[in-house]
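Below is one structure, written out as structure tokens, with a few remarks after it.
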Amino acid sequence: MIFSTLEHILTHISFSVVSIVITIHFLTLFLLVDEVVGLYDSSEKGMIVTFFCITGLLVTRWIYSGHFPLSDLYESLIFLSWGFSLIHMVSYLKFKKRKNNLSAITAPRAIFTQGFATSGLLTKMHQSAILAPALQSQWLMMHVSMMVLGYAALLCGSLLSVALLVITFRKAIKIIGENNNFSFSFGKIQYMNERSNVLLNTYFLSSKNYYRYQLTQQLDRWSYRIISLGFIFLTIGILSGAVWANEAWGSYWNWDPKETWAFITWTVFAIYFHTRTNTNLEGVNSALVASMGFLIIWICYFGVNLLGIGLHSYGSFTLN
């Protein structure tokens, strides 16, 4: 009873704090008042509080349930939110007193995942239950934690690539919207990519353009680093899952929906790294691949659970 109450309290504290953090962050982003009242620093400290609250929540549920809290969709969403908070913590320690643009990605992701986890759709999963026989293995912690951390890092890196594309093609998108012409061929993308590369040489003429160039370079650099980390986690998760599957079901790979989409996700980001090796394809083109990867990850992590079929059906839920 005590652990259940503590878990409930920590859940609401972390959700409330991260909500305040997002509000503060957008105030500092659009009103530019962080230099006056120090709101930006307050939002960073708020994410630290959120990180420790979610950590306490996971530890409490671990003690209360007697197993590592990654047995269903609810627990994995909480762990995913913890992963976003962890990435934010690492970037905060990296930047220290400099402004950290990554918080614009991690904070909304944390509140989105935790908000969905605590919603009425997953009420039946809020109470910890006896671990399913298929999950009673030491591989649970290794496999699922690596996969979820990989999802968290890849989602953050992909959103940074989306932000890069928005900044790069903002004027082109505005023109297309005004003309009500929504056809957007790869030829146009290639043209705009070449045009943007030419414009990079003239950015020094305007301080605003120079700042935009610096921002896109920073987004591209951080996107590559975070996606690299997520790709490593994803690879370890897939390999450990294959070993676990062989022990549990006698086969390393069964091509059920979850495994198939995990392989598709891995392939998409392998293509992303291939584009990074070619100087003519890196930048905008690699960001396009990463942006597609963002959708693929959500299908792999969440969309497949809606099917409720396959060897991973124990983590699924149905919309009533």
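Positions of Cβ are set from backbone N, Cα and C atoms, glycine also.
If you check Swiss-Prot, you get these features:
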- 13-33: transmembrane segment (TRANSMEM)
- 46-66: transmembrane segment (TRANSMEM)
- 73-93: transmembrane segment (TRANSMEM)
- 147-167: transmembrane segment (TRANSMEM)
- 226-246: transmembrane segment (TRANSMEM)
- 259-274: transmembrane segment (TRANSMEM)
- 289-309: transmembrane segment (TRANSMEM)
What stretch in 46-66, 147-167, 226-246, 259-274 has the biggest tally of Cβ pairs under 8 Å against the transmembrane segment (73-93)?
46-66
Highest Cβ pair tally under 8 Å against the transmembrane segment (259-274), stretches 46-66, 147-167, 289-309, lands on 289-309
